[in-house]
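The transmembrane segment annotation in TrEMBL covers 28-50, 213-232, 238-262, 288-307, 313-334, 341-363, 383-414, 536-557, 563-585.
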Amino acid sequence: MGCCNSTSAAQSSKREWKPLEDRSCTDLPWLLLFILFCLGMGFICGFSIATGAAARLVSGYDSYGNICGQKNAKVERIPNSGMDHTHRKYVFFLDPCNVDLVKRKIKSIALCVAACPSHELKTIYEVQKFAEKNGSALCLYNLKPSEYSMHSKASVLCPKLPVPESAPIPFFHRCAPVNISCYAKFAEALITFVSDNSVLHRLISGVMTSKEIILGLCLLSLVLSMILMVIIRYISRVLVWILTILIILGSLGGTGVLWWLYAKQRKSPKETIIPEQLQIAEDNLRALLIYAISATVFTVILFLIMLVMRKRVALTIALFHVAGKVFIHLPLLVFQPFWTFLALLLFWIYWIMTLLFLGTLGSAIPKGEFVEFEVSGPLQYMWWYHVVGLIWISEFILACQQMTVAGAVVTYYFTRDKRNLPYTPILGSVNRLIRYHLGTVAKGSFIITLVKIPRMILMYIHNQLRGKENACARCMLKSCICCLWCLEKCLNYLNQNAYTATAINSTNFCTSAKDAFVILVENALRVATINTVGDFMLFLGKILIVCCTALAGIMLLNYQQDYTVWVLPLVIVCLFAFLVAHCFLSIYEMVVDVLFLCFAIDTKYNDGSPGREFYMDKVLMEFVENSRKAMKEAGKGGAADSRELKPMIMKAYTQEVTRKQ
C-alpha cells in the first residue's frame, strides 16, 4: 500500500495543527484487519463455488438433486437422482405461482425440461402434444408423454392447469411465467393494506403501462440535479432566495394542480359514466382528494418552517459561496456520487451473487422422495459473516468517499495561492487515502457497523414480535432502536469531521476524532446554526427536484384519466428523484462541513499576524465583517438576533482588530 512509518500523533490538546505538512500511515492494524476480513469474504465465495453451489445456482436443479444440463451422481434413497440431463437445460416448476412467503421460495416440484412452454397450455392434451412435439416432458420423470391423458393421477403428476406461457431467465435457466398476474397475486399476499384486489391490479398495470414515462422522469431528475449543482457553483449568493421562491411556486403549483384536477373530476357529469366504471370514477375522485389534502398539509408545514428560518438564511451564504468556488476549482467533485455508486453497485452485485451461492450450498439431504441442500456445522454461520461484510464494506466505501472529498477540500482551503493548486487535487486525495489512511477509514466504518448491527437485530425482533409483545416491551424496543439511530447519526457526523482532521494533520482516527470533537464543542453555536440552515437549504433543493419531477409526472400521467394508478408510478419516480438529488447535494453538504471545520481551525490557530496569516477565503472574512456590523446595528435595538450572532463572530472579530492594530 506504500505505507511508511507508523503515526506518531501528539496526544496533547495544545498540539498545533500543521496542515498538509507531514504524512504517515494511520491505523495500520485496522487496515490489516480489514484486509483479513475481505479475504474471509473471498473465501466464502470461493468455497461456495468450489462445492458446486455455482453450478446449482446458474444451471438450476430439480427436486431430486439433479443439476440440469449435465450428468449427475446418484443420491442414496432417492430413486430419480443420478439422471443424465444433458439435453434438459431448463428448470420448470409444476406450480410456479405457489410461493412460500415464510421461506421465500416456490412451493412446487421442480423438473429439468428441454424447453419452456412457449404458449399457454390449457388442457392435459395440449401438455401431451407439447411434450411429443418439442421433446420437453412437463410431468414427472416416471410418467411417459403418451400416458399423460390416460393416467388417473395426471392432475398430481403433471403441472397445474392452465400452464402459463414461460420464458427462460437469462443466465439462470429457470422457466418464468411471462404474464405478471402470477406475481400480482404474490404481491397481494405481501401488501395487506389494500382491501380491494382490483385496486392493486390497476396499480401494477399502471406501472407497466407507464414504464417509459417513469424512465424519462428518472432521467429528468438526474438532469435537474446536475443543473442544480451548476447553479450552486455560479450563483451561490442568490441561490438561497431562488430556492425559496421556487419551492414556494413549486409547492403552490403542485397543490393547485391537484385541487384543479379534483374540481374538474367532481364537476364531470356522472350520467355519462357507464355503471361498470362508476366505482373506478369514485375511487379516482377519492384518490385525488387525498392527494390534494396531503399536498396542502405539506405546503403549510413547509411555509411555517421557512417562516421560522428566514432570518438565519444569510449566515450560510458565505460558506455556500466558498463551496461554489471549490466546485469551480475541483469540478471532478461533481462526479464523486457516480464513482461511489458504481463501487457500491459492483460490491452489491458480488454480495448478492455470493448470497445466492450460499442459498444453494450444502449437502444433499433426502426429504421423503425429494432432496434439499442443507449446511451443517460451523459453515452454517457463514451467513452472519456475509451480512456483517455487507454493512462494513458498504460503510467503508462511503467513508472512502468522505475521506476523498475531505482531502481535496482541505488541499483547496490550506493552499494560500489558489493558482498553485495541484493539477488534480481529487486524484491526489485518492492517492493519500490509498497510501496512508485506509486504516483510518476501516476503523471509522467498523464503528458505524457496530452500531448498525444491534439496531438491525432489534428491528428484526420488533417485526417478528409485531402484535405479540405487550405495550411495555414494544415501547422499550422502539426506544432502543431510536437511541441507536441517533447514536449512529452522531457518530456519522463525528466520523466525517474526524476524516477531515486526518486529512489535515495525518493523525490516527481516535486522535482526529478527539481533535474534531473539541473544535465542534468550542463552536457549538456555529455548528448548530450553519449546519441547520445549510442542511435545510440543501433539503429544499432536494424537495425542489422532487416537486419538479412530480409535477412533470402529473402532467404526463394526466392523459391516462385513471388517477388511482398514479400513486405507484409517482412514488417510484419521487423516491428515485430524491435519491439522485440526495447523492449530488450530499457532496455539496460534505464540502460545506469540511470548509466549516477548516474555518474553525483557521480562526483558532491563526490570528492574522506575520507568520500566522489566515488561510480563509476573502468571502469568509467579508462574512465576519458583515456579521460584526449586523451585531452592532442589532445591539442598538437589543434584538434577539444579536445574541445569536455575537458568540459566532466575536472571536474572529477580536482577532481581526488585533491584526489591524
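The backbone N, Cα and C atoms fix where each Cβ goes, glycine too.
Nobody curates TrEMBL annotations by hand; they come from automatic prediction.
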Self-check item: Winner by Cβ pairs under 8 Å against the transmembrane segment (536-557), considering only 213-232, 288-307, 383-414
Solution: 213-232
Exercise. Please indicate, using numbers and ranges, the residues of the same chain that are 6 or more beyond the transmembrane segment (288-307) and have a C-beta under 8 Å from a C-beta there.
Key: 244, 247-248, 251-252, 254-255, 258-259, 261-262, 265, 536, 543, 563, 566
Quiz item: the transmembrane segment (313-334) and the transmembrane segment (213-232): do they have three or more Cβ pairs under 8 Å, with pairs 6 or more apart in sequence?
Solution: yes
Quiz item: Same chain, outside the transmembrane segment (238-262) by at least 6, Cβ under 8 Å from its Cβ: which residues?
Solution: 231-232, 285, 288-289, 291-292, 295-296, 298-299, 302-303, 306, 313, 316-317, 320, 537, 540-541, 543-544, 547-548, 550-551, 554-555, 558, 563
